[in-house]
Amino acid sequence: MKFEPGAMGVTEGLGLVFMTTGTRIFLTTPSESINSMASAAWASPLIAGFAALVSFWLLSYAQQKTGGDLIRTAGLLLGKPAAFVIGLFYLAAFFVDAIWLLRQFAENTLITALPYANYYIIVGWYGLCTGIMVYLGIEAMGRAAYIVMPISILALVFLLLLLIPFYDYHFLAPWLGNGLGLTLKNSFSLTGLDLGVLLLIIFAPSFQTARTRNQAALLVLVLGNILRALSIACFIMAFGVAMGAERTLPFYEMSRLVYLSRYVQRIEALFILLWVIIGLLAIAIDLYITLYLFARLAKLNTIRPLIVPTVLISIQLASLPRSVSTVLLLDKYSQSLFNVGLLVIPPLLFLAALLKRKDPSKCSCRES
């Protein structure tokens, strides 16, 4: 008997993928995109999202040929040793993502809301909250994410509409930024930020059908990346390329521009609360995937005894870098790891599924 994550549908899939793929719009990723692609940075989510969607469909095809989850698919197509390596790779990728998200959200909370608080108290509270979420399970996180998702989308759209008086459309020129080739290259290098869409394959048996997974992936990657592209375009129009590339928290800076009335002047406090909730969910989902993959590889009956040690280890690793700039640099290097997980392994499994005859023992069971 091995650990089972539960049963989920399209709504849970939408919420989970949205939280893991859309979180970085609240961090420094938009500024980094503007720094490398100038005025064409708004196109990067669309290009990266298309590449991620194609990779997901390739992996979904391979999964449908074998049944089961990602590790079972890799085991039937490439063998058990390769499946173990692939499972270990994704375990490391999601754990690294959780570590750097934890550090960045803790630091950003200090910068924006609690400048006089102790860092270890903040990161400790983040660890406690994410640990509780992981304990409640992926189904609970999926339903919570689906509740938060429309609120966050409406809040973001509302903010972009309030900033219309600040927009200067001339900042979007030249349309190709630093050049078409450079824009495409840098956009594909950001594809790994959509690695979270693969949770639909990692937890494939928990979703009802392949159609359920494909619908969730299509909706989130298309609508989510359109929203991210629109947000970056509005940020460029509000601040320009030169100033926008220097802003460390674009979303927070945009919310600070809003002035509703004499009595409602600072709405950024509401948005801080929103992106803290989104950050907690994203970190918790990453940690849950890490523990789930570990349980699958080690054939464990439960992950609950591992929650506290994993949270403590993630806090310690997140606290190792001495400065935020080092964290951002390490996070940027980690994107190469994410790119391999989204642009290399799915096509490899797809080719293996094409070359290998259909397994007669195909089933939708969850055993390896």
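Backbone N, Cα and C define each Cβ position, glycine as well.
Annotated transmembrane segment per TrEMBL: 7-27, 39-61, 82-102, 117-138, 145-167, 187-204, 216-245, 269-294, 306-324, 336-355, in sequence order.
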- Please work out whether the transmembrane segment (336-355) lies in contact with the transmembrane segment (39-61), by counting C-beta pairs under 8 angstroms that are 6 or more apart in sequence and asking whether there are at least 3. yes
- Do the transmembrane segment (7-27) and the transmembrane segment (187-204) come close, with at least three CB pairs under 8 A (pairs 6 or more apart in sequence)? yes
- Query: What residues in the same chain, six or more past the boundaries of the transmembrane segment (117-138), come closer than 8 Å to it by Cβ-Cβ distance?
  - Reply: 5-6, 8, 12, 16, 102-103, 105-107, 109-110, 144, 203, 206, 279-281, 283-285, 287-288, 291-292, 303-304, 307-308, 310-312, 314-315, 318-319
- the transmembrane segment (216-245) vs the transmembrane segment (306-324): 3 or more CB pairs under 8 Å: no
- Message: Under 8 Å between C-beta atoms and at least six residues away from its ends: which parts of the chain pack against the transmembrane segment (306-324)?
- Response: 95, 98-100, 102-104, 106-107, 119-120, 123-124, 126-128, 130-131, 134-135, 287, 290-291, 294-295, 300, 330
- Of the stretches 39-61, 145-167, 269-294, which racks up the most C-beta pairs under 8 Å with the transmembrane segment (82-102)? 269-294
- Query: Mind checking which residues reach the transmembrane segment (39-61)? Cβ under 8 Å, same chain, six or more beyond either end.
  - Reply: 30, 33, 70, 73, 171-178, 183-184, 186-188, 190-191, 193-194, 197-198, 200-201, 210, 213-214, 217-218, 221-222, 224-226, 228-230, 232-233, 236, 241, 342-343, 345-347, 349-350, 353
